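Here is what TrEMBL records for this protein:
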| type | residues | note |
| --- | --- | --- |
| DOMAIN | 27-76 | domain 'Galactokinase N-terminal' |
| DOMAIN | 341-423 | domain 'GHMP kinase C-terminal' |
Amino acid sequence: MSDDGKAAAAKAVAEADASGVARATALFKKTYDGACPTAAAAAPGRVNLIGEHTDYNDGWVFPLALEKSTYMVGAPRGGDATKSRVVCEAFEGVVVEFDVAGDVAPLGGDRKWANYVVGMVAMYVRAAEKEGKSGSIPAFDAAFVSDVPIGGGCRRRLRSRYVLRGHWGVRSGGWRCRGGRKAGDGNMSTGAFLEALTSSPVDATERALRGQATEHEYAKVPCGIMDQLISSRATAGSALLIDCRSHEVAPVPLSDPSVVIVVTNSHVEHDLSGSEYPERRQACTTAVKAIAAKHGSDAEPIKALRDATLDMLADVAGDLDDTTRARAHHVISEDVRTQAARKALEAGDFETVGRLMGESHASLRDDYQVSVPEIDALVDIATNVDGVYGSRITGGGFGGCTVSLTKRDAVDALLAAVEAEYPKASGGTKATCFVTRAGAGARVLEVPSET
């Protein structure tokens, strides 16, 4: 990106952050009798370019942060207060209180949305206590707002509930998002806020791990680390290759001003029995056991499908049923595609990245069987538009969103094609789209003195 381009991008981020903090501050003042916040933070939503259903197989994922974020502002309550209070823009006037001393049980009912805040506070309190800093998190008042679209792969949503996160069409089922993943921007903005409040910065990967622990313990979702790592560690102008075993990350520039990402929400969510994801994870485990029995060794153990090759899978094909073999074929080949996409993006070879995205979609459709006709239609519509390099389903599947790598000057044609063609394939349902570049990760922000 040129210096002018970097300056323009930085200006756009600063303007968005100023707007987000101003909205959150207005909500804070309205909720807490005109008081002013003293700390602010933000964290982005995300979309995965390629690398789907590889995270829980210790593989690689290749997401990027959106240019849209969740914002949190707040201030210590002072005095003898022992309870923190939080309010969310979508539930304006509904204030959730919780104790900041020790572990707090997950909240239920209409307060469930605040579990990402409660859980992160608990994780920071635990970490402080291990360091002999008991009581380092003060009781506080806080307010949240977000411009991250709710939907399938950018911000996870709960049916009829507001989720503090980044995934625009992302699943549901209780506090769980369809596809089993959730709110990275909500707990990462909370983490950055707590660091600002206490003037105690935390390593971005450690922040992400605390967010993952919150997901597991407070949202009851056994998710991988992708959502939290990309929201916490994203670099503006880059996608982030994440090794889900080591948690190592590698920023890869995605800053060519002629190329953008288009996320399209199908507004389709097929009913699931609840067994779809456990069955696929079990198939992966079964395949690993078969491959490890024949090809593993003490020197080169096979602990997950990331350690296997397609040749190894072919060698044990007779020991697996067709479905298990297909599931493993997707994961192993997806890791190969993800690594290849990294090399292609580093070389500025968008044609190859687009081709790999198309192959990823075909694999998710045919081998992993998590696509649906409406998503397939969106992919077909996009790939038939000149200037679209590639398109695929993103997120856990069974509805949600597509992600398309697109020339900037082809965006209008793509949006027009989606508007004209998608309702024919969806029974009249209209899709919605937004355009993004690779945004910045979790960050502490200034609170304007005039607040």
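Each residue, glycine too, has its Cβ placed from N, Cα and C.
All TrEMBL annotations are machine predictions without curation.
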May I have the DSSP-based helix, strand and coil counts for the residues of the domain 'GHMP kinase C-terminal' (341-423)?
50 helix, 16 strand, 17 coil
Take the domain 'GHMP kinase C-terminal' (341-423) and average the pLDDT across it for me.
97
Can you count helix, strand and coil residues in the domain 'Galactokinase N-terminal' (27-76) using DSSP?
8 helix, 29 strand, 13 coil
